Amino acid sequence: MTPTIITDVKSFAIKPDRHNLVVVKVETNKGISGLGCSTFQFRPLAVKTVVDEYLRPLLMGRDANEIEDIWQVMNVNSYWRNGPITNNAISGIDMALWDIKGQLADMPLYQLLGGKARTAIPAYTHAVADNLDDLYHEIDRFLAAGYRYIRCQLGFYGGNPSQLQTPEEPISGSYFDQTDYMETTLKMFAAIKEKYGNQFQMLHDVHERLHPNQAIQFAKAAEPYQLFFLEDILPPDQSHWLTQLRSQSATPIATGELFNNPMEWQELVKNRQIDFMRAHVSQIGGITPALKLAHFCDAMGVRIAWHTPSDISPVGLAVNTHLNIHLHNAAIQETIELPANTQSVFVGSPQPKGGFFYPMEKSGIGITFDEEAAADFPVVYRPHEWTQSRTPDGTLITP
């Protein structure tokens, strides 16, 4: 096979709608270019700098066909590795190289990887409201659209300190009463189960805001409601507690969106401490490591449910779709509603139909990036507070 020489690497940090997105474009001497997702919305300019200043000079003139070797070179080039900024930068290039290879082969990515493992991947969406009546309205809307898996949440991950008993002059920010959260959420599960029966299966995201003993109590109490999975019940640095949790509860556990380093998941998967791996593909370095992780999980009976939040580019969404169509142990795909500006910048974005994502048939990843449209939406950064929830006494909760 004749070499496909990398002639340029470009990065784009944009904010077409609510979130900052980072996209990488790799150009070649054959006139074929590829796209990749490097989105890390909390540090977009840091990721862009790594792509532009460090990875671009490293890759110029290399053969784009050599994906595995290029990934290994990018991973070890800085010596210190497996951090979210570098991993996301690597991901953008890695995805773009797979996109190029698919176009050269005139095959969609899922076919390049080995073909379909299923006709379509089930999708789940998010029903979020401040009260049960509004939540029922959201659920009804999604049921009518064909969804049979719905993540149900009452409120956001925190509240106003004026609503809680706090010390005088509390620190400003988002507050979270763990006991109240557990009681309210269990009542929500019961109410939804009573109203809808088995019309759909619930999912729920704790977002790591419980202490280990609370997590065990909560997982046990959730058993009667037969959740599809309970997500991120503990932060990664408390994952060893999952051994005790698994011994006391049959509620399916999903985790992984904060993982960067293989050492964070190897023991969890090997010891079957989770049911679903929720890794964020760009956060672990792209398609190349995602395939290795998925195959490792498959051997251990752990299913895949890639993290697909609203702060992911349509390129990342498309990659998840291709992976989920191909991988034997893919279980479900999170879905997001793409706003109008985002759709104008990224043409060909996958959309669920009747509660499923179907195969994308264009060669490569299948997304077109409109650089002129993107130029109208420069990146805008501001500090985010939602990661900084506090208990009523003011203690910061580790997500």
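Yeah, the Cβs are placed from backbone N, Cα and C, and that goes for glycine too.
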Recorded D-arabinonate site member, picked from His207, His211, His240, that accompanies Glu257, Arg278, His307, Glu334 in Swiss-Prot: His207
Site co-member for Mg(2+) according to Swiss-Prot, given Glu231, Glu257, out of Asp205, Asp237, Asp275: Asp205
Between Glu257 (Mg(2+) binding site) and Arg278 (D-arabinonate binding site), the C-alpha gap once rounded to whole angstrom: 5
Cβ-centroid neighbourhood (8 Å) of the Mg(2+) site, Asp205, Glu231, Glu257 excluded: Val206, His207, Asp232, Ala254, Thr255, Arg278, His307
